[in-house]
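A.B. asks: Structure incoming, see below.
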Amino acid sequence: MIYTMKKVHALWASVCLLLNLAPAPLNADSEEDEEHTIITDTELPPLKLMHSFCAFKADDGPCKAIMKRFFFNIFTRQCEEFIYGGCEGNQNRFESLEECKKMCTRDNANRIIKTTLQQEKPDFCFLEEDPGICRGYITRYFYNNQTKQCERFKYGGCLGNMNNFETLEECKNICEDGPNGFQVDNYGTQLNAVNNSLTPQSTKVPSLFEFHGPSWCLTPADRGLCRANENRFYYNSVIGKCRPFKYSGCGGNENNFTSKQECLRACKKGFIQRISKGGLIKTKRKRKKQRVKIAYEEIFVKNM
């Protein structure tokens, strides 16, 4: 009898011990879940696509082939592999990882193209007209690399690419060549607007102004896709000043600053060179009472 009672007590003691230990691993799982939530809640900067089709989901199509292809995943913001069936599908499908990155990642958009004339032009000027996937009817302008001119088109209101300008003048200043095949006169006009003074211009030989700043400073203001009404600043490359605009809260481009000072620091630093057959003039900007003046520091003139 005594042996049986001891056995029952031992059994109940074991049960109590197991119940006391059970919450420990449950709490551990909970903590792991909390840690995982903290990691995944990290906010990423707004996604900016080069082409609207980069936002499409991977589509293997109705056929049954097994072909390795790549697509741009807007959630991971990377090009990833998927299996394509061999027919139909959509444009977010590339034969190689390199082709996917070239068409859909932002690193490619910030490259600068140098031509044989040593002029500089943002790479997005060479993108094709893209109205986007929305159904708006907004008049915009794009640079047509076939005709070498800025032309009007109808923008849907969302996505699309960076070859998209609100005004014809803005498109011409950024993407079109000057009358002699140089992107000169446009940037020369910018300098005059920045300094509120006349800068000596050569009428005999062509010259070239190079903007040595971030390429996104040359992009137009982009309100974005959402419905907020936040006060922001963008750099207006036509007049050479930072101007306010209303930001919707998502989307848009990198020419977007929370303060005028931040805009000036990002887009007005550096220097501009003037190159011509007659010589090389290096200029640096000096600030004085909120005005910028050109100081000619070094002048190298060739003996004719």
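Just so you know, glycine gets a Cβ as well, placed from its N, Cα and C.
According to Swiss-Prot, the feature disulfide bond maps to Cys54-Cys104, Cys63-Cys87, Cys79-Cys100, Cys125-Cys175, Cys134-Cys158, Cys150-Cys171, Cys217-Cys267, Cys226-Cys250, Cys242-Cys263. Feature annotation from Swiss-Prot assigns domain 'BPTI/Kunitz inhibitor 1' to 54-104; the stated evidence is sequence analysis. Here Swiss-Prot flags 125-175 as domain 'BPTI/Kunitz inhibitor 2', drawing on sequence analysis. Per Swiss-Prot, domain 'BPTI/Kunitz inhibitor 3' is recorded for 217-267. Annotation source Swiss-Prot lists O-linked glycosylation site at Thr42, Ser202, Thr203. Under the heading N-linked glycosylation site, Swiss-Prot lists Asn145, Asn195. Taken from Swiss-Prot, the feature signal peptide covers 1-28.
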A.B. asks: Using a 10 Å cut-off, grab the number of neighbouring Cβ atoms around the Cβ of Cys267 (disulfide bond), all chains included.
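C.D. replies: Its Cβ has 24 other Cβ atoms within 10 Å.
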A.B. asks: Could you measure between Cys267 (disulfide bond) and Cys134 (disulfide bond) for me? Cα positions, answer in whole angstrom.
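C.D. replies: Here the two Cα atoms lie 31 Å apart.
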A.B. asks: Give me the CA-CA distance between Asn145 (N-linked glycosylation site) and Cys242 (disulfide bond), in Å, as a whole number.
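C.D. replies: Rounded to the nearest whole number, the Cα-Cα distance is 29 Å.
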A.B. asks: For Cys63 (disulfide bond), what is the secondary structure by DSSP, using just helix, strand and coil?
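C.D. replies: Note: Cys63 (disulfide bond) is coil by DSSP, not helix or strand.
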A.B. asks: Around Cys242 (disulfide bond), which residues of its chain at least 6 apart sit with Cβ under 8 Å of its Cβ?
C.D. replies: Phe233, Tyr234, Tyr235, Asn236, Phe257, Lys260, Cys263, Leu264, Cys267
A.B. asks: Are any of Cys87, Cys100, Cys134, Cys150, Cys175, Cys226 (the disulfide-bonded residues) within 10 Å of Cys54 (disulfide bond) when you go C-alpha to C-alpha, and if so which?
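C.D. replies: Final answer, ordered: Cys100.
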A.B. asks: How many Å lie between the Cα of Cys100 (disulfide bond) and the Cα of Cys87 (disulfide bond)?
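C.D. replies: Rounded to a whole number, the Cα-Cα distance is 19 Å.
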A.B. asks: Measuring Cα to Cα, tell me the gap between Cys63 (disulfide bond) and Cys79 (disulfide bond) in whole angstrom.
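C.D. replies: The separation of the Cα atoms works out to 23 Å.
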A.B. asks: Going along the chain, which residues six or more apart from Cys79 (disulfide bond) have their CB under 8 A from its CB?
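C.D. replies: Once residues fewer than 6 apart are set aside, Cys79 (disulfide bond) is near Phe70, Phe71, Phe72, Asn73, Phe94, Leu97, Cys100, Lys101, Cys104, Thr105.
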A.B. asks: Take the domain 'BPTI/Kunitz inhibitor 2' (125-175) and count its residues per DSSP category (helix H/G/I, strand E/B, coil), listing them in that order.
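C.D. replies: So the counts come to 10 helix, 15 strand, 26 coil.
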